[in-house]
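The next block holds one structure in the form of structure tokens; read it before the comments.
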Amino acid sequence: MSSKLYEKLKAYKNYANDCIFFKYVFTENDIETKDESALFKPEYTHQIFGDDEEIFGYKSLRIDYLLTPGYLDAYIGLSCKEKLSPQRFDGIEPDDVYDAFTKFGCTPNFTRNLDTFCSDKLKADIEFKPFGQKVYEYFRNDKKFEIFRVDSQQDDYMSQKFIDYIINVQTMLIYYIETASFIDTEDPQWTHYLLYENKKIGSEQRYATIGYLSVYNYYAYPDKTRSRVSQVLVMPTYQKQGHGAELLQAVYRDVCENPNIVDVTSESPSQEFIQLRDYVTSKMCSNLSIFQDKNKLKNGFTNEMVQEALGKYKIPKFQSRRVYEIFRLFFTNEFNIDEWRSFRLDIKKRFYLPFIRKSKYARSAGNAFENEKKSDDDDVKGKLESKMSSNGETQIGFGSSSKLASINSRFFNEGSSVGFSGTSSGKKSVSFKPLLNTSNGSSNESDEEDGDVSFEQQSGQMSQNLFVSEEERKKYLEEQFQETVKDYRKIIHRLEYERILPF
């Protein structure tokens, strides 16, 4: 392709996230109403239009993606200043936008005909009523909102009408959660929580689907269930209004009434969800006396706190630990050197846990695996050893002495096998110590079950490398501490604003 032709074709490229406009349509009048605040754009379209999220073949492309508020049925309409002509550009075809939507399965029953959308889909949506059972309702700025639960114990769960509806809901997740995917609608382990605005339009009482949270129920030994939050979405025009917190708290409230559920965890939570969960669980635990006692908080995290949060609200240990840290920060005087130092050490101790776990595996791994290059260097191959240094730290390495360990030696898991692989650093090798100190964690803390799928990701990817310098170790721990305190202060400020703190 010539550079001249390439430059001409650039004018036909469109960034998909900027040219798609969603809008709720309650009545036909809403279609023509020019209200920019009612429009919202997607955040992700890579699963539909590729990694570059580009649509080729149109100048100034606009895609109107109109939604009925209840069922989320859609009209998708395209407009542009000019569509690329294959006859003028060596047979190069424009992207088939409708085909891209159809192949991916987005809003399967969408229409390209605006008259059909108005006469059929808008008319049918007037009759929309939420599926399942209402579990909670609340008011915000004189507007009424309701939360419903749909699970496999209800007839709605396997009805075709609900399946079509939940696919429409899942479609919206694709646009706002980077790794979202369609679920198996026939799997009975899913529980769906839907958030609606109940509003009056003319003489009709209408429902708008504005939020969604899915939970997958796993087996928990010996005869219980663990509920894991999978996907959460509040529609953009309803965000920053407290609806996400109401939805998540309603889930906790609902789950607490089920004696067969052990606790509530989450699947690979985003940073936004972690902050939301920190806020919701802190707000809930603010009602427990154990978290209101300043002296008990300053004495450290206890099993009593774990049992109170788990027994009352089904909050697992890793999360009640975070709640404890938030309240302890609130009661800690940053300008008191001893108080602040005690708090810092207590928080940093938690960051050691992934390394302590890995060191336990390493010490019982037996013979080290050979590296891929099959080196004859005995510093890399041979017996995996650990020894206690003079300052009380446990060092782990290859060969006859732990100080021979290579900076490139890395911990890995392969199924049930645990070992190290790496290459020798040669004569210029420097002694590197594992990022752990076995005196920093009690046995019950190091054996703690995570509950969260991404717990170790939150603790930092450096846990994958046991051999790091002292400087790297200090830098890592300090960065983790500062980031954690920054997030916790946001939670505290919100609780203070709502007058939940001080107690």
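Using N, Cα and C of the backbone, Cβ positions are placed for all residues, glycine too.
Sequence annotations record features per position, and here TrEMBL assigns compositional bias 'Basic and acidic residues' to 370-386.
If you look up TrEMBL, you'll see 387-400 (among others) marked as compositional bias 'Polar residues'.
The compositional bias 'Low complexity' annotation in TrEMBL covers 418-444.
Annotation comment: TrEMBL describes 455-467 (among others) as compositional bias 'Polar residues'.
Look at TrEMBL and you will find 15-178 tagged as domain 'Histone acetyl transferase HAT1 N-terminal'.
The annotation domain 'N-acetyltransferase' is assigned in TrEMBL to 191-254. Summarising model confidence by region, the domain 'N-acetyltransferase' (191-254) averages a pLDDT of 97.
Here TrEMBL flags 277-329 as domain 'Histone acetyltransferase type B catalytic subunit C-terminal'. DSSP places the residues of the domain 'Histone acetyltransferase type B catalytic subunit C-terminal' (277-329) in helix, strand and coil in these numbers: 41 helix, 0 strand, 12 coil.
What TrEMBL lists as region 'Disordered' is 368-400 (among others).
Positions annotated as region 'Disordered' by TrEMBL: 418-467 (among others).
Residue counts of the domain 'N-acetyltransferase' (191-254) by helix, strand and coil are 15 helix, 39 strand, 10 coil (DSSP-based).
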